[in-house]
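First up is the structure itself, then whatever we jot down about it.
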Amino acid sequence: MAGGGGGGGAPAPKADEPQPHPPKDQLPNISYCITSPPPWPEAILLGFQHYLVMLGTTVLIPTALVPQMGGGNDEKARVIQTLLFVAGINTLLQTLFGTRLPAVIGGSYTYVPTTISIILSGRFSDEPDPIEKFKRIMRATQGALIVASTLQIVLGFSGLWRNVASDASSTSFFRFLSPLSAAPLVALVGFGLYELGFPGVAKCIEIGLPQLILLVFVSQFVPHVLKGGKHVFDRFAVIFTVAIVWLYAFLLTVGGAYNHAAPKTQSTCRTDRSGLIEAAPWIRVPYPFQWGAPSFDAGEAFAMMMASFVALVESSGAFIAVYRYASATPMPPSILSRGIGWQGVGILLSGLWGTGNGSSVSVENAGLLALTRVGSRRVVQISAGFMIFFSILGKFGAVFASIPPPIVAALYCLFFAYVGAGGLSFLQFCNLNSFRTKFVLGFSIFLGLSIPQYFNEYTAIYGYGPVHTGARWFNDIINVPFQSKAFVAGVVAYFLDNTLHKDPTIRKDRGKHWWDKYRSFKGDTRSEEFYSLPFNLNKYFPSV
């Protein structure tokens with residue numbers, strides 16, 4: 001009724017009037033959910049596909065950091081092997097004892113600025129031998145990661161990151177999270193990585209653009225033309241398209257297309273420029289303290305701890321996207337807290353083994369769940385097996401790790417978009433006709449994009465962030481959080497959603513009532529199906 005007035009109430013909708021789509025707490029049209037694995041041959045191929053997708057970050061981070069640390073191709077190959085090995089172990093731990101979601105745990109760009117600060121610290125400038133300098137920096141990074149891991153371990157296993165009961169006196173992060181405040185966080189976990197998408201494709205447009213177009217065509221158009229394919233093309237689009245474009249890039253390389261190109265073009269377009277295949281050993285098992293005993297610096301440890309906290313917030317959003325695309329019910333807070341604790345263990349392992357980087361949920365692999373519509377836990381555990389296998393057999397793993405970066409960037413365009421859209425999908429539980437909802441949503445997303453843009457532009461122009469003192473560690477504690485789009489959007493949305501117009505009638509506008517029954521592990525019977533521990537461990541470690 002116009003104006004919302006009148007005494008007789010709003011008239012009943014007519015039968016022929018369009019009705020809104022009903023909200024779904026479990027995403028429909030998923031072929032295989034967490035507990036329903038596909039047949040073994042299909043599961044193995046899907047697991048290999050997850051392995052291919054996570055290789056991008058696993059290769060790009062050491063490729064950027066190791067030369068700055070003083071290492072060469074040999075050191076770069078060993079760091080990639082180590083990062084891959086630890087990622088496999090952490091993924092198995094997370095799928096077995098953490099959230100039990102099909103989440104790949106790999107490297108994270110969030111830790112890169114803090115690692116670069118360690119590299120640029122003056123205490124390593126007196127080392128003339130570049131290899132020894134590399135080892136000293138790596139040991140310093142290890143020490144910082146070991147200390148930083150305690151943050152997530154304590155927050156996760158102590159229960160501070162969850163609501164341990166429905167008791168109103170309990171105070172924690174997840175108790176106050178609603179679909180409205182989760183939407184900007186999860187959306188910018190995906191959309192906020194746009195700088196790794198098409199700008200990476202454009203570095204070698206003749207390879208990246210065909211990969212992007214072919215991936216969209218094979219995954220989105222071909223299945224609707226060839227309806228008898230039984231999801232072959234959409235489910236295995238990554239394997240098909242990467243193989244085709246990689247072969248095309250190889251032919252361009254051997255055909256001499258880049259023989260006289262600029263060095264920067266050759267490094268991104270050629271298939272033989274990574275130096276990994278020649279440098280990687282045939283067989284090598286990464287082991288703890290392989291670079292020597294870690295060294296510890298209080299300032300660097302505090303800076304890495306802040307990076308760990310930012311990664312914790314981002315991973316919380318990524319876990320939410322994973323459960324959505326795995327067609328699971330919303331995570332009870334105790335399950336998210338358990339997952340954060342095990343992610344802290346993963347950061348500890350990264351420090352002990354010496355990966356040069358911390359651990360977090362792989363956003364690209366979360367997007368792959370959406371593309372394949374397969375959220376099976378077994379598939380991701382198989383991919384962890386591939387990570388460990390190819391990290392030990394170095395030469396074979398290096399072959400796949402030498403995929404040109406523009407191909408990886410093209411995959412990111414699709415996967416990050418899926419994760420961002422997964423975040424926006426939580427708005428189905430909210431009242432989008434409420435001006436309060438519009439303000440919280442719009443303002444948090446805008447600042448989540450605008451504030452990091454300022455910090456990143458300032459750093460690109462001046463070589464340091466807006467907070468610039470004589471203490472690098474203090475600069476990182478302030479600058480790093482504001483460079484994360486997901487962190488800024490999530491914090492702003494969380495604060496506004498929990499402080500603005502605290503009226504009981506606002507609860508439904510926020511969508512909070514949809515998550516009420518999932519505040520406790522026993523609030524919904526499906527939680528036990530998706531999140532209970534294996535080997536009857538729930539008997540000894542009950543979820544609340």
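Just so it is clear, glycine is given a Cβ too, placed from its N, Cα and C backbone atoms.
Annotated by TrEMBL as transmembrane segment, the relevant range among 201-217, 439-455 is 439-455. In this chain, the transmembrane segment (301-323) touches the transmembrane segment (143-161); three or more CB pairs sit within less than 8 A of each other, excluding pairs fewer than 6 residues apart. Here the listed stretches are 48-67, 173-194, 236-258, 379-401, 439-455, and the one with the most C-beta pairs under 8 angstroms to the transmembrane segment (79-97) is 379-401. When each of 48-67, 103-122, 173-194, 439-455 is checked for Cβ pairs under 8 Å to the transmembrane segment (407-427), 173-194 comes out on top. With a threshold of 8 Å between CB atoms, the same-chain residues lying at least 6 positions outside the transmembrane segment (379-401) that come near it are 32, 37-38, 43-44, 46-52, 54-55, 58-59, 77, 80-82, 84-85, 87-89, 91-92, 95-96, 102-104, 274, 276-277, 279-286, 365.
With a threshold of 8 Å between CB atoms, the same-chain residues lying at least 6 positions outside the transmembrane segment (103-122) that come near it are 50, 54, 57-58, 61, 64-65, 68-69, 83, 87, 90-91, 93-95, 137, 140-141, 144-145, 196, 300, 303-304, 306-308, 310-311, 314, 318-319, 322, 339, 343, 346, 355-362, 365-366, 380, 383-384, 472-473, 475-476, 479-480, 483-484. If you look at the transmembrane segment (48-67), the same-chain residues 6 or more away from its ends with a CB under 8 A from one of its CBs are 75-76, 79-80, 83-84, 87, 104, 106-109, 112, 115-116, 119, 134, 236, 238-239, 242, 274, 276, 356-357, 362, 364-365, 368, 372, 379-380, 382-383, 386-387, 390, 400-401, 403, 405, 408-409, 411-412, 415.
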